[in-house]
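J.: Got a structure here, written out as C-alpha cells. Questions coming.
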Amino acid sequence: METYTSGPLNHYRRPKFNNELATRIVGGHCVLASIIGICFNVFMFFHFLSLEKLSFYILCTSKTVSNTLSLLVYLTYIGPANLFYTSIGSMTFNARLQQIFGFGLFLQGPMTELLVTVNRFVIIIFSPTKIPTYSAKITVFALAATWCFAIWLSWLPGFPDYCFVQFAFDHVGYYESDCSQEVVLWLIFIIFPLALFNNAMNFILGAKLIVLAKRQRHMTSSEAAKRRRNQTIKFFIQSVIQDWMTALVAGSNMLLTTFYCKLHTCIILTTFTIDSLVYCFDGIIMFVFNYKIPRKVEVAAPSTSKMFSSRASMA
C-alpha cells in the first residue's frame with residue numbers, strides 16, 4: 001500500500017526499501033550502458049566534424065551531443081543513485097536535473113529526428129541535382145531553434161519549483177504535484193504528434209524510393225549518380241531505424257509496465273533499464289551507417305629493373 005503526505009502544493013511518495021538488489025543491478029546496468037554509449041557518441045561526434053558539412057551530418061552531430069549529455073546523467077546520477085542505493089544531492093537538485101534530462105534533452109532527440117525526416121523529404125521528393133549552399137545554414141538555424149526550445153523546457157523560467165518533475169527513485173522518495181503532472185502531459189502532447197508525423201513521412205519516402213528504384217532499374221546512370229542514390233537510401237534507412245527504435249522502446253516500456261510490472265518500483269526500474277539503452281544504440285547505429293574503416297594502401301616497391309635503369313641514367 002502506497003502512502004502519501006499531502007501538502008498545499010504536492011504529494012510526497014514515501015521511500016520503500018524492499019527491492020534493494022534489483023535497484024543495485026539496474027544501477028550497474030545504467031553505468032555500463034552509459035559508458036559504452038558515451039564512447040560511441042563522442043567518437044561519432046568528432047567523426048561527423050571531419051566530414052563534409054552536409055545537413056544530414058550536421059543533424060547527426062547534434063544528435064551525438066544530446067545523446068552524450070543524457071548518458072552523462074545516467075553515468076553520474078541515475079546509475080550511482082541506484083547502484084549505491086542512496087540519494088545524491090537535494091530534492092531541488094533532483095527536480096532540476098530531471099527537468100533537463102527527462103524533458104529538454106529527451107525532447108531534443110525527436111525534434112532532431114523531425115529535422116532529419118524533413119531533410120530526407122526534400123532530398124528524395126524533389127531530387128535536386130545540386131544541393132544549395134544555403135541548405136546547411138537553414139539546417140543550423142532550425143537546429144538552433146530546437147535547442148532553444150529544449151533549453152526553455154529544461155529550465156521553465158517563471159514556473160514555481162513544484163512544477164518541476166523529480167526522478168522517481170522509490171528508495172529515496174519524491175514529490176509530485178498537479179503542476180508537474182501537467183508538464184508531463186505537455187511533453188506527451190508534443191512527443192506523439194512528432195512520432196506520428198515522422199512515421200507518416202517515412203512511409204511516403206519509402207514508397208517514393210521504391211518507385212525511383214523501379215524507374216531507374218532500366219536507366220543507365222553515372223557512377224556519381226549511383227553513389228548519390230545509394231547514399232540517399234542509406235541515410236533514409238538510418239533515420240527510419242532511429243525513429244522506430246524510439247517507438248519500439250516506448251512500446252516495450254508500455255507492454256512491460258502494463259502486463260508484467262505490478263509494483264511501482266518495477267515500472268521505474270524497467271524504464272531506467274530500457275531507456276538507458278536508447279542513447280547507447282543510437283550512437284552504435286550512427287557508427288555502423290557512417291563510419292568506414294580506412295583501408296591500408298600498399299605501396300608497391302620499385303622493381304629491380306627500374307632501379308637499375310634509373311641508376312644507369314644518373315651515371
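Backbone N, Cα and C define each Cβ position, glycine as well.
Pulled the feature table from TrEMBL, pasting it below:
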- 25-49: transmembrane segment (TRANSMEM)
- 32-290: domain '7TM GPCR serpentine receptor class x (Srx)' (DOMAIN)
- 69-88: transmembrane segment (TRANSMEM)
- 100-126: transmembrane segment (TRANSMEM)
- 138-155: transmembrane segment (TRANSMEM)
- 183-211: transmembrane segment (TRANSMEM)
- 232-255: transmembrane segment (TRANSMEM)
- 267-289: transmembrane segment (TRANSMEM)
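Describe the structural context of each listed feature in the structure shown, including burial, neighbouring residues and relevant distances.
T.: Beyond the ends of the transmembrane segment (100-126), by six or more residues, the same chain brings 55-56, 59-60, 62-63, 66-67, 69-70, 73, 139, 142-143, 146-147, 149-155, 165, 167, 183, 187, 190-191, 194-195, 197-198, 201-202, 204-205, 208-209, 212, 232, 235-236, 239, 242-243, 246, 282 to within a C-beta distance below 8 angstroms of the stretch.
Outside the transmembrane segment (138-155) by six or more residues, the chain places 55, 58-59, 62, 66, 99-100, 103-105, 107-108, 111-112, 115, 119 with a CB less than 8 A from a CB of the stretch.
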J.: Six or more residues beyond either end and a Cβ under 8 Å away: which residues meet both conditions relative to the transmembrane segment (232-255)?
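T.: Result: 56, 109-110, 113, 116-117, 120, 123-124, 195, 198-199, 202, 205-206, 209, 270-271, 274-275, 277-278, 281-282, 285-286, 289-290.
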J.: Give the mean pLDDT for the domain '7TM GPCR serpentine receptor class x (Srx)' (32-290) on the 0 to 100 scale.
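T.: Averaging the confidence scores along the domain '7TM GPCR serpentine receptor class x (Srx)' (32-290) gives 86.
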